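Annotated active site, nucleophile per Swiss-Prot: 12, in sequence order. Summarising the annotation, Swiss-Prot assigns site 'Transition state stabilizer' to 53, 83 and lists a curator's inference as the type of evidence. Swiss-Prot lists 187 with the feature active site, proton donor, giving a curator's inference as the kind of evidence. The annotation active site, proton acceptor is assigned in Swiss-Prot to 190 on the grounds of a curator's inference.
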């Protein structure tokens with residue numbers, strides 16, 4: 001059977017989307033990828049393509065190859081920026097180039113009749129993140145919520161221009177996390193189960209608004225209920 005596909009495309013936060021234990025020796029936590037697979041079971045396949053440490057500059061090289069070799073993708077997230085928005089270093093991508101890269105990805109997806117969803121970067125707990133990144137900090141490689149907001153706002157503008165949905169995760173984290181927003185992160189940058197749950201909920205909201213035909217509740221369950229299958233299975237595919 002040929003299932004339609006939902007592509008999750010991005011950096012480490014996408015790569016870790018199925019990780020139920022984001023904290024070593026910790027308890028199982030909510031996993032975005034597993035939640036989506038569960039909700040879309042017998043409706044649509046979830047195709048995860050996340051690349052730890054990658055930027056929009058590098059991701060732009062990968063996306064054409066993914067789309068060339070994967071068939072029947074109908075919807076996709078583009079979730080990049082947490083690396084691009086770094087103040088300096090090999091992962092830093094200037095804002096104009098970053099936006100142009102994302103624009104090219106959106107255009108490429110549209111050429112394949114894929115419905116894009118742009119995701120903005122979340123938040124960063126500098127105190128926790130920088131404890132483990134002393135060498136990077138010494139070189140002047142910083143991530144800040146102020147810069148994340150600049151990149152997120154630029155993505156929101158791009159999404160509006162391209163008439164595609166946008167998820168402002170930084171604002172959702174601030175609203176849902178309140179004074180305890182740091183709990184939405186594991187190491188100060190990557191998401192905890194609580195962070196992924198907010199991501200999931202915001203994602204499903206925009207799907208319901210912009211692409212309602214691909215919201216899980218509106219998609220048809222593939223094949224008959226087992227109670228309706230004849231003993232010999234002869235009516236399964238009818």
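Just so it is clear, glycine is given a Cβ too, placed from its N, Cα and C backbone atoms.
Since we're looking at a predicted model, the values are computed, not measured.
Everything Swiss-Prot records as a feature, shown here on the structure.
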{"residue": "12", "record": "active site, nucleophile", "Cβ within 10 Å": "17"}
{"residue": "53", "record": "site 'Transition state stabilizer'", "Cβ within 10 Å": "12"}
{"residue": "83", "record": "site 'Transition state stabilizer'", "Cβ within 10 Å": "27"}
{"residue": "187", "record": "active site, proton donor", "Cβ within 10 Å": "15"}
{"residue": "190", "record": "active site, proton acceptor", "Cβ within 10 Å": "22"}
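The CA atom of the residue listed as 'active site, nucleophile' is located 9 Å away from the CA atom of residue 83 (site 'Transition state stabilizer'). DSSP gives the residue listed as 'active site, nucleophile' a helix state. Within 10 Å of residue 83 (site 'Transition state stabilizer'), judged by CA to CA distance, lie the following recorded positions from the set 53, 187, 190: 53. With respect to their backbone Cα atoms, residue 53 (site 'Transition state stabilizer') and the residue listed as 'active site, proton donor' stand 15 Å from each other. According to DSSP, residue 187 (active site, proton donor) sits in a coil region rather than a helix or strand.
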